[in-house]
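Working notes, structure below.
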């Protein structure tokens, strides 16, 4: 399974480290020294660049919550458009609701398109090393182009029966967006759990070392008591 999952990374992930992590999860147990090497504190940086700020923003929890919220709203808008296309819900006489839904959905797509542009600018070539991000950007760009075409040629697509098919293409964007957001959140949780695990492992090692020292101290005191006849040899 790891040989497939290792390809689905997002920007900010180290592909080599990502592959190694899956192999370590399959083995389930690693030495404490190897765990220490997996988690490294970020080095102190004297000068914070715009790219650094944007990378921190893209990996922040609030940003992911906003993206998930926009994806859910987009899903509801596309669902509403599909229901009206299938005549399950009848729009108003002047067809204002479909246009409002379409413009709102196009606005959300514009936000996603800007996000993709900033990610390419911030991460550069690293962006194209992560297939999940590339797939997401392709779906966003294609969906944006199709929505623009539908905005001016909707009647032509409706006449040939392609309108519903194009709406369904947006579902691919929604599903991919949800998977990407959930995966990023999961990566953050895994990172936090690994940090907690490292702290606990360090604490256990300290306690074990302390126990060994206590046992050695007890043995030393026992020998001293026996030497001075304060403790019988049978004790």
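Using N, Cα and C of the backbone, Cβ positions are placed for all residues, glycine too.
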Per Swiss-Prot, residue 131 shares membrane side with residue 153: no
Range among 63-83, 189-209, 210-230 that Swiss-Prot annotates as transmembrane segment: 63-83
Mean of pLDDT values spanning the topological domain 'Extracellular' (84-100): 77
